[in-house]
Each structure stands twice: as C-alpha cells, then as structure tokens.
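Visitor: One structure, pasted below without further comment.
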Amino acid sequence: MTNEHGYKTKEHLNLTGESDLTIEVVILLIFGIFMLIFGLLLFQIHTGALPYAPDSTYGLFVLLIAFQIVTMGKTPFGDLKRSWLLILIGIIVAILGMAAAFVPGYLSDHIRLIVGGVLFLGGVALFLQLFVREDKARTWRHVSGVLQHLILACGLVYILSCICGLITLIPGITTDNQTAVILILFALCLFYLSWCIQKVAREYPSKKQDVEHESAESAAQKTKGIWLVLKESSISLSLGVLLLVATLLTLLGLVLIPVNLGALPFSQDGLLGMLLVVFAIQMMALGETPLGAYKRSWLMTIFGMTFATLGIISCIVPGLLTGFLQLLLGLLNIIGGVVLLIGRYYPLLKAMRNPSDHQKQPPILKKMNITQTILNFVSIAFGTSMLIPGIMPGLINAVIIVINGLLLFVLAGFIRKIEILYPM
C-alpha cells in the first residue's frame, strides 16, 4: 500500500473491517485449530491429568469433512462436481460424525478406522494429484511467489495427513508425546496452507465461481427427474450450512428419545462442542450468529475462532467446560430468539400505525416469516431447557428439538425457492 507521496506504508488489520476469508480457508483454519488443540491437550491426556473422548473427537473431524463436501464439493480424495448426490453423501457423512459424537461406544472402532483411512488414503491421493495433474504443481512451479509456497504447503499437509492416518489406523506405532508433536506440526502446516490459499484468492481473483453458478442453474433447468441428482447444484453457502444444522438438530432430537428412555448413552460434551463449531463456521464464513446476521468483520472472525476453540476442547476433553458451555448456549438461544422476534415484528408494528407505508409481502415471504417465528420460540424453549435442566420432561425436549430440525429443513426449502425466484 502506498501513500500520496508514493512511499510504501504498512497495512494494519482493521478489526471492524470486512473479512474476505473464503469458506475453504475458514474450514482449514478450524482444522488447524483442531489439530493444534488436540496436540497440546494430548500431553496432559497422556499423563492422566485430563480425560479423553475419542468418539466425539473423531466425530467432530468427520463433521468438518462433511462441511467441505456440502459447501464446496471438496472430498478428502479430491475435488468433485458439487451435485445433489454429493451433497446427500456429505449429509450422510455428517450424520455418521454426529452419531459417533452423540452416542459414545457404539461406533468407536468404525469411526477410528474411517478417520484413519481418510487421512492416509486421502493424503496419498491428494499428494499424487498435486504432482500428476497439469493444473497443479506442474503449472504453479513456473510462477514465482505464492503459488510456489502453495506447492510446499500442500505437500507438507498431504504428507502429515498420511502420517496421522497411519498413527490412527495402527495405535501404538508412536508414543503419545510423539503424536502430539506431529499434530502440532500438522496444525502449523494447515495454517500455512490457509495463508497460501487466501493470498492466492486475493492475488488471482477470478469469475470462476460466478460461471460455475450460472452453468449449474442452466443445467438444473434443463435436467429433470432422477438425473437431476447428478447435475451440479447451485445452492448458496448459507443454504448448505443450514442443511447441515437442520440435520444435526433432527438427529439430536431423534437420538434423545431412546436416551431419555435409558436405551442409549449420550455425550453432552460432544453435542455442545459440535454446536459451537457449527456456530464458528457460520460466524467466520457468513457473519451469522445466534443473535442475528452481521457484517463479516475480522472481529467476527476472532469470535468465531474463540467459539471453535471452546467447541473443540469440549469434544476432546469431556466435563472440562460442560457447565460453562451449557450456560453460554442457553443464553445465546434465549437472547437470540428474543432479539430476532423483536427485529422481525417491531417494524411491522410501526408499519401498522402508518398503513400507507406498509408494503404487501409475497406469500412465500409470509410463510418464511411464520416459520422463522416458530423457530425463534423453539430456540427460546431449547435455551431455557439448557439453562434449567429438568424444567420440561426429556421426551418433550427431544420432540421440540426434532421439530426445530424439521422446521429448518422447511426454511431451507423456502430459501431455495427464493434463490431461484430472485437470483442474486
């Protein structure tokens, strides 16, 4: 950056300035925070100073993979066309991760093998693609600057992914302290890769996403029937995230029914951790919080990273933050529900006093407002049950959470219709 005299000046981070982090960078940062915290905590877990919950740890890792699949079409084995079929696969992957985190003990070995296999085989596949594909290292190495950094960052991440995969698949081949050091190195490489990708996005902006969106829309209009699931989807980032949140809450409510009947165990820490990490992704990538939508600022990014840190700790170390996170999530749900209700209906009350200023809403917006209103009341009820456990019977609480999840699917349907009717 230069001043009016042509001299270079330092750019300072403006915390209230708009953040331009891509969803890819956001998820990589959260993966990096996950590996860093896991590595640091593993030293204490090894000594017995802290408990460890492998199921919710692996479950959270799988959920992050699902976010990559649903929001970007990126799988652990390479990039694919983000078709409806791939989105469905991503949702199934998310359900697997959530189930492992919510119900400890039932999927322990399976989820460990899945995570280990994904890390190892995915690392091998991506490393080979890095040097075999014409549009990757073969092209990047001819351009000086950040693209050469990108080759190094990708290579390091893929190699460490293979190593972590082997450690997960074959427990005991390294000591806990050695594993902790490897995880910390993995985290640093993920942060390095995040920096590279963000710098590339700034230095080489393209209209690729817009072109892909338009081609997906036209392809969807031309395709009918069962073949539609194989065509590229044009759903927005916010809608993709909403589908995963709806899946999480619906599954949670369904799981809580047998839990309340005493038929299944349940990990409260796994639930709290996953909710906070989902909030973190929404805050960092979209500027959406439980209290409403705000500008995507760097301050919002810091809040999101803080939420992610708390959620990751909750998933790895059970019992450490349970009480605090229950209080935090309870208050956020109650205050958020009240704030959003006021924000929605206060302008309507003002408009009723001045009928001439009142504009008639399209039917679909009316239906969406009704759905959001019900969701706000459900959010208040959910927050109250977190703040005051036992205030309502467990089965009723489970049904409320299922209704919450199903209403989010309904809301997603309305948003999708609006996206089609009023394309941006």
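From the backbone N, Cα and C atoms, a Cβ is placed for every residue, glycine too.
A TrEMBL annotation is a machine prediction, not a hand-curated record.
The feature transmembrane segment is assigned by TrEMBL to 21-45, 57-73, 85-107, 113-132, 152-173, 179-197, 237-258, 270-286, 298-321, 327-347, 368-388, 394-415.
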Visitor: Between the transmembrane segment (394-415) and the transmembrane segment (298-321), are there three or more CB pairs that fall under 8 A, provided the residues in each pair are separated by 6 or more in sequence?
Guide: no
Visitor: Where, among 57-73, 113-132, 152-173, 394-415, do we find the most CB pairs under 8 A to the transmembrane segment (237-258)?
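Guide: Per the Cβ count, the answer is 394-415.
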Visitor: Any residues 6+ beyond the ends of the transmembrane segment (21-45) with a Cβ under 8 Å from its own?
Guide: 51-52, 57, 60-61, 64, 67-68, 71-72, 74, 176-177, 179-184, 186-188, 190-191, 193-194, 197-198, 201, 237, 277, 280-281, 284-285, 296, 301, 304-305, 308-309, 312-313, 316-317
Visitor: Against which stretches of its own chain does the transmembrane segment (113-132) lie, if we need a Cβ under 8 Å and a gap of at least six residues from its ends?
Guide: 58, 61-62, 65, 75-78, 96, 138, 151, 154-155, 158-162, 164-169
Visitor: Against which stretches of its own chain does the transmembrane segment (368-388) lie, if we need a Cβ under 8 Å and a gap of at least six residues from its ends?
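Guide: For the transmembrane segment (368-388), the far contacts come to 290, 326-327, 329-338, 340-341, 344, 361, 397, 400-401, 403-404, 407-408, 410-411, 414-415, 418.
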